[in-house]
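**Student:** Heads up, here are the entries from TrEMBL:
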type: ACT_SITE; residues: 191; note: active site
type: ACT_SITE; residues: 288; note: active site
């Protein structure tokens, strides 16, 4: 079958004609934008009246993305199972990041000179492009600097985030461009939460990697090397894997084995809070693609990293 590509460009949600109004901001955006987006993409109202994109494949898979934080909150395969997890304590009021799904850590991973995990997950992204290729929708979101980001990190930048939904896969591409007249450095990660039964979870593919174990003291991680073929989660886990391979496999303990492939995400992070989140720790695991070391970009330079989640 020949590939059919249809592209649609959508104005920024910051445009005057798309400015959210009162508590119905999500629906107002939907009414203004729906005719402009591709087949299989719906702009709708999510939790807290926040604008949300619903991607629907012709083959029965679905994904949801909130423009606040550019956060993917759901990925349903054709069987109807949602492979991602949003914590029960998640709030949708813009006062804090959405806790779950696939939040962005940018331009800082973890603690540092600015707030935990940077600011990208605390800002509104814009929908700038949507497309449908042979029944599979994709969207591109954009984040640029503004007063909020510059108060923490005084640089001009552009981040483009492309999300592609297929029958049994969900792919992302993050492209960060230095639009300033001076170089900057950053670190970043996709803090992915997967639905799981923690007692049955295992992660394979990290044997031999250098590790930075943040348990018991996250400020003084213990260096080591992973010797296990399959990593399990009998208690609290917070560990960085440096120079990780480009594919690991997650058995979520619920009958799904998820392939987590990447290009240019050089590191991996495993996290489960155990009794620190007694209400929900048994129901999820975080397997994150990350770039722990700093990346330096000269003016007009870009950095690109891709993630590909799939099931058999």
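Yeah, the Cβs are placed from backbone N, Cα and C, and that goes for glycine too.
TrEMBL: automatically predicted annotations, no manual curation.
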**Student:** Near residue 288 (active site), which residues of its own chain have a C-beta under 8 A away, given they sit six or more steps off in sequence?
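**Tutor:** In sequence order, the residues whose Cβ lies under 8 Å from that of residue 288 (active site) (at least 6 apart) are 189, 190, 191, 192, 268, 269, 270, 271.
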**Student:** For residue 191 (active site), list the number of other Cβ atoms lying within 10 Å of its Cβ atom.
**Tutor:** 23
